[in-house]
Amino acid sequence: MTKILAVNAGSSTLKWKLFSMPDETVIASGLVDRLNLPGSVFTVKRPDADKYVVTQDNIDYRLAAAMVLSHLKEAGIVKHLHEIAGIGHRVVAGGEVFSDSAVVDDTVLKQIHELSQYAPLHNPIEATYIEIFQQLLPNVPQVAVFDTALYTDMPKINALYPIPYEYYKKYGARKYGAHGTSHRYVSKRAAELLGKPLSDLKLITLHLGSGSSITAFDHGKVVDTSMGFTPLAGVMMATRSGDIDPSLVTFLAEKMHVKMSDMIDILNQKSGLLGISQLSPDQRDLEAAQDTNPQAKLALDMYANRIVRYIGSYIAELNGLDALIFTAGSGENGIDMRAKIADQLSYFGIQIDHDRNQVRGKEQVISPDGAPVTVMVVPTNEELMIVRDVERLTQN
């Protein structure tokens with residue numbers, strides 16, 4: 001039995017899970033919230049103990065990592081820190097450099113820093129945490145698990161934009177995708193539940209949360225994905241616009257007398273469900289209000305319609321479909337939204353059984369028996385995918 005730590009670091013949060021391998025059980029998990037702010041909160045959950053919560057002002061990145069390791073030892077979750085056989089880090093941008101997860105050495109760490117131009121809000125923080133854990137546990141291998149790795153070898157006809165080719169060669173202007181670790185886990189798990197090799201299946205996975213993305217798999221290979229050069233592209237999301245005419249952005253910037261960077265902030269933070277409804281970015285709030293609030297209903301209709309549009313185009317590109325898989329917050333819990341999406345796809349043989357669809361956060365086939373396309377709910381588990389990669393790359 002070995003213990004592997006999965007780390008998912010953000011600008012204001014540090015999420016982690018400690019797994020026992022190879023049985024893949026979660027020993028403990030936690031969150032450090034409100035980093036570098038008054039009232040930082042350190043939380044630990046264990047299957048066999050009460051939740052542990054401590055509030056302390058201005059916990060910084062280094063202290064957060066040190067507190068995680070100290071608590072693991074002090075609470076007896078591990079007897080010695082050398083029991084931790086590896087640490088896996090979620091890293092957003094791997095560019096075209098990384099088509100797989102990688103054991104971190106000086107070269108890999110340097111490349112993660114260099115790739116920050118593609119994810120300036122994420123890669124620098126993730127690289128910082130790798131460096132911190134290297135200092136705290138110098139003999140423990142660190143593995144970088146890239147969100148974009150799944151899409152590195154996506155066919156060029158879908159990866160490239162129809163702009164001058166030299167921009168791709170000079171600046172790396174192409175589609176990189178996102179949520180790759182989630183789509184990778186869900187596609188593999190769906191194949192297991194279907195009892196077929198992934199290499200025999202045509203799948204579309206729907207990661208529908210505050211950020212949403214759709215990926216098409218043809219016999220185990222990615223054909224296309226909805227997010228683009230950044231996670232702003234693709235379907236409409238909670239606060240993000242998704243695909244939009246670029247000329248509209250410059251038009252509005254001129255009319256509003258704002259900088260282009262301000263327009264990008266609006267498209268990222270004030271658009272999507274929030275922008276159309278002018279009420280909330282939360283799908284649940286809009287569903288509660290839709291009978292009396294036309295803009296809430298319009299926002300939900302637009303959200304579903306843009307998802308349906310992507311699914312339809314991917315079915316055409318795949319020339320068929322074996323399974324459609326819902327995952328992430330809305331995908332796993334949005335009973336009404338799943339039905340709304342499926343109802344617009346009946347022409348393709350996509351159907352949902354009303355009773356089976358009454359499920360939240362659990363693995364479930366929600367299509368009727370004998371339906372041409374299997375529709376499924378598969379809760380995502382990015383942390384498990386991370387520790388599997390650590391085990392694969394570090395254990396002999």
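Just so it is clear, glycine is given a Cβ too, placed from its N, Cα and C backbone atoms.
TrEMBL labels come from automatic prediction, so no person has curated them.
The Mg(2+) binding site annotation in TrEMBL covers ASN8, GLU382. Long-range Cβ neighbours of ASN8 (Mg(2+) binding site) (same chain, at least 6 residues apart, Cβ-Cβ under 8 Å): LEU14, LYS15, TRP16, HIS89, ARG90, GLU382, GLU383, ILE386. In this structure, ASN8 (Mg(2+) binding site) is part of a beta strand by DSSP.
As annotated by TrEMBL, ATP binding site applies to LYS15, HIS207, LEU208, GLY209, SER210, GLY211, ASP282, GLN283, ARG284. The Cβ neighbour count for ARG284 (ATP binding site), using a 10 Å radius and every protein chain shown, is 14.
Reduced to three states, the DSSP call for ARG90 (substrate binding site) is strand. Summarising the annotation, TrEMBL assigns substrate binding site to ARG90.
Taken from TrEMBL, the feature active site, proton donor/acceptor covers ASP147. Close to ASP147 (active site, proton donor/acceptor) in the fold, though at least 6 residues off in sequence, lie ARG90, VAL91, VAL92, ALA93, GLY94, GLY177, ALA178, HIS179, GLY180, THR181, each with a CB less than 8 Å from its CB.
Summarising the annotation, TrEMBL assigns site 'Transition state stabilizer' to HIS179 (among others). Just so you know, the Cβ of HIS179 (site 'Transition state stabilizer') picks up 28 other Cβ atoms within 10 Å once every protein chain is counted. In the three-state DSSP assignment, the secondary structure recorded for HIS179 (site 'Transition state stabilizer') is coil.
Marked as site 'Transition state stabilizer' by TrEMBL: ARG240 (among others). Under DSSP, ARG240 (site 'Transition state stabilizer') is assigned to coil, being neither helix nor strand in the three-state scheme. Take the CB of ARG240 (site 'Transition state stabilizer') and look out to 10 A: across all protein chains shown you find 27 other CB atoms.
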Surrounding CB atoms that lie within 10 Å of the CB of ASP282 (ATP binding site), all protein chains = 16
Widest Cα pair spacing in Å over the listed ATP contacts LYS15, HIS207, LEU208, GLY209, SER210, GLY211, ASP282, GLN283, ARG284 is 24
For ARG284 (ATP binding site) and ARG240 (site 'Transition state stabilizer'), determine the Cα separation and express it in whole Å.
-> 17
Winner by Cβ contact number (other Cβ atoms within 10 Å) across the binding-site residues LYS15, ARG90 | ARG90
Whole-number Å value for how far ARG240 (site 'Transition state stabilizer') lies from LEU208 (ATP binding site) (Cα to Cα) = 13
